[in-house]
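*Asks:* Would you mind keeping the following structure in view while I ask a few things?
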Amino acid sequence: MSSAKDTELDTLITPIDDDEEIISNSDTQSIKTNEAMHEVDLSDLKEPVTNDNNDNNDTQTQLSNIESDIIMNVDDSVDPITLATQQLMTASQKGDIETISKLIDSKDSIIDVNSKLSDTVSALHWACLNNKLSTVKYLVSKGAEVDCIGGDLNSTPLHWCTRYGLVYITDYLIRHCNADYKIVDSQGFNLLHLSVHSSNIMMIIYILNFTDIDINSLDPMGRSALHWATYQSDILTVDLLLKKNAKIDIASQDGFVPLFWSIVSGNKAILTKLFESGAGNQLSWKTRDGKDAWIIANDMNCTSTLKHALTLANCDLNGVKIKRILNEKQGKLITFLTPYIILPICWSLITDGFIIFKMLLASLIFIGQLKFLINFIIPSYNNDQNRLLKSPFFAGIFSSTAFWCTLTWLSKLLSWTFIEKPFENFIFSISATLVFGFFFKAMIIDPGYVPIESNVENIKSTIVELIDLRKFDARYFCIKSFVRIPLRSKMSKIKGKLVAKFDHYCPWVYNDIGVRNHKLFFAFAISLEISIILYLNLAMEYFDELDEVEDKCFILNDELCTGYYKSPFIFNLFVWTAFQLVWLTVLLGVQLLQISKGLTTEELGHMHRHRVEIFNSAPTDEPNVLDDDDDALDDVIVSGSMSKYIPSFILNSKLFKILGFNQVLILTDDFIGNNHNKNKKINFDYGFKQNWLDFLFMKFPGDDYSFRTLFKLPLSGEANLNGDLVDYYKLYKIPQSV
């Protein structure tokens, strides 16, 4: 969690410059500066005693910096009341309700539940800070003052637990104890400011939904929650506040707007967000010291980061939105159609004579195409760093290849090979037709996006439900769409939407693959595999029908050698298509194995992924037992036995992942190697036969397995699981079959 100190900052220093994408690294540490921002004073807190061994507690705040002067041992020199109060504080820290009861409930008690030491910190403060919900409930039941002011910052228990992101304690105090959330501490920070200081996105979501604190409320120095979020380099909080319409043009007393603090922190992703939200006109604004954005960037040695963020936000150096000649639809269409022209040009160039030169020329043309699209066309609709992957270019590569294969079959192969191979030609005509049909359907259909929730009451109801289940964290609540995350769902990094029964993002169809189009995608892959094999077979027959040449080829057989000399265009298309067959076969093999095991691509990869921040702050003194369904969401740290034999630059390359070889590696580890995951229970594996029936058929109660249910597609999130109809938009528990 980000924390801060009480120093007055007056000169800028160079921050750590990190240009990596930090959307996924949401628990970002505050970047320290020396410019005009008071940091949070934690001097009123003392080190709590914790006895946590909770593996689920991923965002339990590390309190090692808090001053430790609690007296843990009995000191006979201390007067009895002070000694008993010290024992009360220690017991509250530990969650020792039995000791607390003896101290305040016995007949000879000399203190009560609200007794304090000289620091004015109550037992309730300590129980809240140490995330002891049972202890908090007990103290409140015994009359503890909920809004008790204590410590050097005159903070309430609600302030303490909110500052450290302890959502369950905060929820109890607000909803069950009616704690006054409008009280501010001596620094002037309200509950929203303190929640932002915690950098726990779940806490901020809670405060925004369960209080009526103005999102643009200011602290005494004129800083809003957005100021603090940008200063702390907290991209998740910035994104949330902007979605909730936080103002970006508020200047603090020192003249700093959120944009300036994002420059100080050097966070490119936050800068881009602000520019996309209209902060470009603030580049010329000046601080109280007369510094504009460019001067601050120069002082912080992050001018290049600022320029890059402007580019990503489609702004010029003055912060003005660049007017593109092409609109989004036109840009995508050109990206998609360009391979239809460039690929045949490349195939036509590679002919006999000066072969090396011609191959280099064809390569330069292909690379030039990429540069042209990346620098001039794709920016009209996408300026992301990985914009080529997020464009329809790869779908254009595939479809143009299929188009030219079909065209050459119609113009050449069909007439030359029909007599010798009538059956193959007939099957190819059917499979090629299916390829185009399945391809365009899989590309344009909604893959199963879970609807975004905008109704505040529904959001609050979901949050309360998850808190009661001890599941209010990023595994179960979507911080983008504000819904409970259904089982097997995943936020698509490419499209930025929650996809039900997410399998993977496929650049070859320019779409996510989910509950509504997975069967279409599989049918597309099967028909494409058949079509390529048939095309290669027919092309070989076509080469065999051509007049033989006297020249011999070093590594090619007679048919291919004839094709190389007599029909170079079709020969080059043959080679290109044969290469496509390699990765397609890999993809199809992986899909066949995964479907047979009841797994999706995402779930298979999830078994090999390191733990990520989930913002879980479940109480440490109450049972937090997850049900069996939650095994599907657990992350397992695994080191693949096969990956050590492959160079890291290959393993981490985009091409390696685009072609699907990373999935092959995972499957090799799981089903062939010594990986312990091959013995791990798969929650959705109901046996080979049932898994395939569930995948292929869309059967409602009373329906039989038939061609109608085979070709039926989901209208929303419905699908079969173990023979039962389920709605993947609302699947939170694995159904038990009757």
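Cβ atoms are placed via backbone N, Cα and C, with glycine included.
Values in this document were obtained by computation on a predicted structure and should not be read as measured data.
According to TrEMBL, the protein carries these features:
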| type | residues | note |
| --- | --- | --- |
| REPEAT | 119-151 | repeat 'ANK' |
| REPEAT | 221-253 | repeat 'ANK' |
| TRANSMEM | 333-350 | transmembrane segment |
| TRANSMEM | 356-381 | transmembrane segment |
| TRANSMEM | 393-414 | transmembrane segment |
| TRANSMEM | 426-444 | transmembrane segment |
| DOMAIN | 472-603 | domain 'Palmitoyltransferase DHHC' |
| TRANSMEM | 520-538 | transmembrane segment |
| TRANSMEM | 569-590 | transmembrane segment |
*Asks:* Under the DSSP assignment, what numbers of helix, strand and coil residues are found in the repeat 'ANK' (119-151)?
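*Replies:* Looking at the repeat 'ANK' (119-151) with DSSP, the answer is 16 helix, 1 strand, 16 coil.
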*Asks:* Taking the transmembrane segment (393-414) as reference, which of 333-350, 356-381, 426-444, 569-590 has the most Cβ pairs under 8 angstroms?
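*Replies:* Most contacts with the transmembrane segment (393-414): 333-350.
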*Asks:* What else in the chain is close to the transmembrane segment (356-381), if you only count residues 6 or more beyond its ends and a Cβ gap under 8 Å?
*Replies:* 314, 324-328, 330-332, 334-335, 338-339, 342, 345-347, 349-350, 387-388, 391, 393
*Asks:* When you scan the chain for residues with a C-beta under 8 Å from the transmembrane segment (520-538), skipping those not six or more beyond its ends, what do you find?
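*Replies:* Long-range Cβ neighbours of the transmembrane segment (520-538): 402, 405, 409, 413, 417, 421, 424-425, 427-428, 431-432, 434-435, 438-439, 441-442, 445, 503, 506, 509, 513, 574, 577-578, 580-581, 584-585, 587-588, 591, 595, 695, 713.
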*Asks:* DSSP helix, strand and coil counts for the repeat 'ANK' (221-253)?
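*Replies:* For that range the per-state counts are 16 helix, 0 strand, 17 coil.
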